[in-house]
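Visitor: Here it is: the structure, laid out below.
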Amino acid sequence: MIRILVSNDDGVNAPGIKALTEALAEIATVMTVAPDRNCSGASNSLTLTNPLRINRLDNGYISVHGTPTDCVHLAIRELCDGEPDMVVSGINAGANMGDDTLYSGTVAAAMEGRFLGFPAVAISLNGKALKHYHSAAVYARRIVQGLLAHPIASDQILNINVPDLPLDEIKGIRVTRLGARHKAEGIVRTQDPAGREIFWLGPPGVEQDASEGTDFHAIAHGYVSITPLTVDLTAYRQLSVLQDWVDKI
């Protein structure tokens, strides 16, 4: 039987991870290990200065007082009964497109799975007042089945974004590149009840590159977006340019 490790960054009680676990349980043995709270924006952070405490829940899930990356690392290295065949992260409440991927704990959980040597997928549902986790779960299951049957290169994860639409209104799947956003909106400056100064980070910037071929464009036109991501951040096309620059200094 196929074994799949499921995690997320919205927390172990989020509706997305429940929908994902139930959908994947139809094709695999699923182990669900996720943060005990919302860790959105945690990126690839690890907890190195405190112990990781876990709680085994009545529904079989395991919550971890740690980040999404902690969850996947701990699950694979210690908690899983045998290695998983795949790591699937999500379903995130909100898209992870363009620059979002740099900050996303959802994407980071998948990246950690790939870093440890396993095929990995991150899946997110675009929108705010989300209604259609079932649509995202169905596409997640379909894509996971395809990935198991036809593996991709070992240095990649698949970043999937699904429009918040009924299943029969989604037009299909498009392979995309990452788009881009304008810089984030301003900081909100205010005071807490005790009169102390506090700050809230503003919402993400609007789309800057949402042209055809991007994840933003696919979602806006009712398609599921799949973008292959690599862990290697090296800007290979700039190596020779940088070498020329170094030779001049």
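One is the number of the first residue shown, and numbering goes on along the chain from there.
For all residues, glycine too, the Cβ spot is worked out from N, Cα and C.
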Visitor: Since Swiss-Prot lists ASP9, ASP10, ASN92 for divalent metal cation, which candidate among SER40, SER43 does it give for that site as well?
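Guide: So the divalent metal cation site in Swiss-Prot includes ASP9, ASP10, ASN92 plus, from the candidates SER40, SER43, SER40.
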Visitor: Ranking the binding-site residues ASP9, ASP10 by other Cβ atoms within 10 Å, which is at the bottom?
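Guide: If we count Cβ atoms within 10 Å for the binding-site residues ASP9, ASP10, the smallest count is at ASP10.
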Visitor: Counting across all protein chains present, how many other Cβ atoms fall within 10 Å of the Cβ of ASN92 (divalent metal cation binding site)?
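Guide: Excluding its own Cβ, the number within 10 Å is 31.
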Visitor: Could you name the residues, excluding ASP9, ASP10, SER40, ASN92, of the same chain that surround the divalent metal cation site, i.e. Cβ within 8 Å of the Cβ centre of those residues, in sequence order?
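Guide: Apart from ASP9, ASP10, SER40, ASN92, the close residues are ASN8, GLY11, ALA14, GLY16, ASN38, CYS39, PRO68, ALA93, GLY94, SER104, GLY105, THR106.
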